[in-house]
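As recorded in TrEMBL, the features of this protein are as follows:
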BINDING   Gly27, Leu28, Asp29, Cys30, Gly31, Arg32, Met33, Thr34  GTP binding site
BINDING   Thr34, Thr51  Mg(2+) binding site
Amino acid sequence: MGNGLSDQTSILSSLPSFQSSHIVIWGLDCGRMTTLLYRLQFNEFVNAVPTKGFNTEKIKKLHDTMIKRRKMLRQQKKKR
Ligand SMILES: Nc1nc2c(ncn2[C@@H]2O[C@H](COP(=O)(O)OP(=O)(O)OP(=O)(O)O)[C@@H](O)[C@H]2O)c(=O)[nH]1
Ligand SMILES: [Mg+2]
């Protein structure tokens, strides 16, 4: 999942538009949850070590992505 998450924008753009939200990623050991979290946060592959407890990150990229997508949609509408 970490390496395979090549088109992050398409995944994020399928989420509903929101100002902020809490998202819990929960799964089996070595399920690549940490890899996914840091891929979303830093937009790069981080070689994660097994998590003790839990990781938490505030990701502003989601909102940025929504803004970019809205701008793109507005531009597309104007062209029509
Ligand atoms: N081959 C391969 N390995 C990956 C990929 N994504 C992540 N990994 C590796 O899989 C291992 C587990 O990833 P983690 O993100 O630590 O998994 P986790 O779900 O957080 O696991 P725990 O913290 O132990 O519960 C790490 O060694 C990663 O480097 C991938 O796309 N391909
Ligand atoms: Mg982990």
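In case you wondered, yes, glycine gets a Cβ from its N, Cα and C as well.
Location within the structure of each feature annotated in TrEMBL.
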residue : record              : DSSP class
Gly27   : GTP binding site    : coil
Arg32   : GTP binding site    : coil
Thr51   : Mg(2+) binding site : coil
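Around the Cβ of Gly27 (GTP binding site), a 10 Å sphere holds 10 further Cβ atoms from the protein chains shown.
A 10 Å cutoff on Cβ-Cβ distances gives Met33 (GTP binding site) a total of 20 other Cβ atoms nearby, all chains included. A distance of 9 Å separates the Cα atom of Cys30 (GTP binding site) from that of Thr51 (Mg(2+) binding site). Gly27 (GTP binding site) sits 12 Å from Thr51 (Mg(2+) binding site), taking the C-alpha atoms as the reference points. There are 12 other CB atoms within 10 A of the CB of Gly31 (GTP binding site), with all protein chains counted.
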